[in-house]
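> Here's a structure for you.
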Amino acid sequence: MIREKAGISENVQELFFVGNQLKNDRRLVDYGIPQGSTLHLVLQNLVAMRIYVKMPSAQKIIAVDLRTYDTIQNIKSIIQAKEGIQPDRYTLIHNGKVLEDDRILAALNIPNESTIHLIFNPKDVIPIFVRTVTGEILKLEVKVLHTVHDVKAIIESMTGVLVNDLDLIYAGKRVEDSKTLASYDIKEEATLDMFPAMMQIFVKTWTGKTITLDVQKGNTIADVKDKIIHKLKILADHLSHVSIIFAGKRLDEGQDLASYGVLMHSTLHMVFSPSARISQMKLADIGNPIQNFTTIRILKSMIEKKMKAPVKEIYFQGTALRDDRSLAYYRIDSEASVKVIF
């Protein structure tokens with residue numbers, strides 16, 4: 001019929017419907033073509049056309065020579081031959097629309113010398129690495145839309161380390177559980193570092209003051225005391241007669257926080273050890289008149305002489321007094337009272 005109307009030989013005609021080539025031995029009804037449909041006629045000897053494929057991620061443009069009856073799959077095959085890129089790794093876009101593999105250029109109305117864009121598809125699964133505290137490298141298969149918590153769960157399944165007991169660091173920053181790998185731009189073969197999780201706890205001192213500490217569950221009570229010394233800027237000797245209490249139990253310095261069930265935002269209490277004897281003393285009752293230039297070391301000697309017992313520590317208004325400081329330094333007058341620990 002086309003040959004009779006247009007004088008075009010059947011040998012150079014190819015008919016297409018919705019991107020599919022129609023075979024000569026099939027009927028229109030076999031293809032489900034309803035009345036009023038439009039078919040596309042492509043002539044086999046049509047002059048070749050050229051399009052350009054722009055790859056933004058590679059900052060590269062390649063030219064592809066085609067014919068109007070070529071499919072998008074044909075274009076991908078040429079790209080694979082030229083660039084070695086597998087067709088399933090990317091999508092072709094023209095004028096904001098995705099080009100389906102089975103569609104022909106003529107049906108898509110892509111003019112000669114057009115530019116189409118090649119956009120790489122994100123991989124469904126990518127490998128990443130996690131460096132443990134011991135230096136061991138774990139290889140994980142993850143998705144870029146996995147959350148950090150999902151990754152921790154995978155690590156837990158591999159190592160037995162509980163999710164809540166670890167932090168992950170990427171590019172020097174701690175990554176948050178609720179965020180995805182994509183949000184941190186974590187790509188294929190990236191390396192994350194694993195560290196014991198930090199948690200914040202509170203410590204109520206003997207003066208009633210509450211301080212906050214950043215600790216790990218594996219920290220011992222001795223470690224906690226060291227942090228308290230650093231936080232309060234006091235000497236280690238000041239805590240020699242102090243015990244740490246949690247949930248009514250006195251904590252052993254050699255045990256860690258996890259063994260006592262200390263969790264995020266738990267409160268520990270500092271108390272004087274049972275072996276310590278505490279006495280509130282007025283300076284005027286110690287004996288000889290005490291001058292404001294008297295050092296704490298000399299004051300201790302005076303108290304020891306009077307009480308016939310070694311003095312471990314002297315406190316004034318909740319502050320442990322240093323041996324090399326004077327009463328004047330702490331603004332303590334002769335009528336003041338101090339707390340003495342024996």
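Including glycine, each Cβ sits where the backbone N, Cα and C put it.
Annotated domain 'Ubiquitin-like' per TrEMBL: 1-44, 49-119, 126-194, 199-271, 295-342, in sequence order.
Tell me what's around each of these sites.
Per DSSP, the secondary structure of the domain 'Ubiquitin-like' (126-194) breaks down as 18 helix, 25 strand, 26 coil.
Break the domain 'Ubiquitin-like' (199-271) down by DSSP state and the numbers are 19 helix, 27 strand, 27 coil.
Looking just at the domain 'Ubiquitin-like' (295-342), the mean pLDDT is 82.
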> Using DSSP, how many residues in the domain 'Ubiquitin-like' (49-119) fall into helix, strand and coil?
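Helix (H, G, I), strand (E, B), coil: 22 helix, 28 strand, 21 coil.
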> Across the domain 'Ubiquitin-like' (295-342), what are the DSSP residue counts per state (helix, strand, coil)?
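For the domain 'Ubiquitin-like' (295-342), the helix, strand and coil counts are 12 helix, 13 strand, 23 coil.
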